[in-house]
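Before any comments, here is the structure.
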Amino acid sequence: PSRAAALRLQLLFALRQRALHVLEAGLAAELHDALVALRTEWPQLAQELALGRLNPQPGLPEGVRDQLQALLTPDAARAAELRAECARGFEGIAMRLWPQLEVVVVRTAHGAERLYCDSLCQAECQGLPFYCPFYQAAGTLLGVNLWPAEPAPRFLLCPDWAFCEFLPCPANKEPRTVLLDELWEGREYGLVVTAHPGEYRCRTGEVLRVAGFHKQCPMVEPVRRESQTLSVRGESISEEQFCQSLCHALRMWPGARLIDYVCVESSLLGDSSGPCAPHYEVFLELQGLRDLSEGQRYKLDQCLQEDFPVYKSFRFKGSIGPLRLHLVRPGTFTRLREALGSPLPMPRVLHEEQLLRLVQGSVVS
């Protein structure tokens, strides 16, 4: 099945079980998209529950549909409960549909996924704690979170799960990796992993901060992904730093709520960016605002200049052009995650023309 079809099916079968204690998803974005589907498709989902019959849907092969159909039985009472709760609105809907829920478990709750966790906490999953039990990079489990009550996940690195090396940040002219027993609290390191046969000393692109030690074993916090850094003149603005500036600008747009965003360096646009200095283009999905004035759009560029002196210097000299901001229609980023295919955290800087065209085709202003 396609990603959208698989998420919808998992949601439907979860809705059949009123006594769920845990909602679990690989990525917070997956749970976010499943509950967005609940908002838009609850009448059809209620009908399928009542009749015990799967409707045909794009991305769901007939053979798979027939196998799943055999597992469904009519449940008019649960369908009526779903209709009643959805008619009341979607704030706190998870606790109302599954009154025995205790926790939301996600594989990744940091970095790009933090936006979806915050959105769920404020709306559908209001009142529920989030727990990210493991840290994974390069397809390998590397650490465990022993502090579920902490708002920001910290992971204890487990020495026997994989062989990890660490590159101090910022890198020296002749970088040398250090090992677990050579890490310093408060410092940042690039992660290098040897785990799978044939994959020797792989740079994961993940940067970790050492938050402390637990019985001499380092506890780390994922800080950023090196591939998601914006840099058209060597200014290097990380996804975490850009998001902070974006949230700063957002507070100057009354009534606006950020749903999702992605950035592009103008070099990817080629001739379509026009005869101008290198710059950033930012694509936003907002709730509560249909359009932004030119003055409001400039606020984001202004916030970046306030937050990053190097960026401000390049802007003053004209070496970097003004940021261009575009609003996209609802559902754009759900389609983007479908096009990405792999179950990896959402990219915040696009590097592929095909994905850029998908986003550009959804611009509304």
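In case you wondered, yes, glycine gets a Cβ from its N, Cα and C as well.
The model shown is predicted, which means the values in this text are computed figures rather than measured ones.
Taken verbatim from TrEMBL:
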DOMAIN    156-225  domain 'GH3 middle'
DOMAIN    249-339  domain 'GH3 C-terminal'
SIGNAL    1-21  signal peptide
Long-range Cβ neighbours of the signal peptide (1-21) (under 8 Å; 6 or more residues past either end): 30, 33-35, 37-38, 41, 45, 48-49, 54, 57-61, 64, 68, 71-72, 75, 78, 81-82, 97-103, 334, 337-338, 341
Residue distribution over DSSP helix, strand and coil in the domain 'GH3 middle' (156-225): 3 helix, 38 strand, 29 coil
Taken over the domain 'GH3 C-terminal' (249-339), the model's mean pLDDT: 93
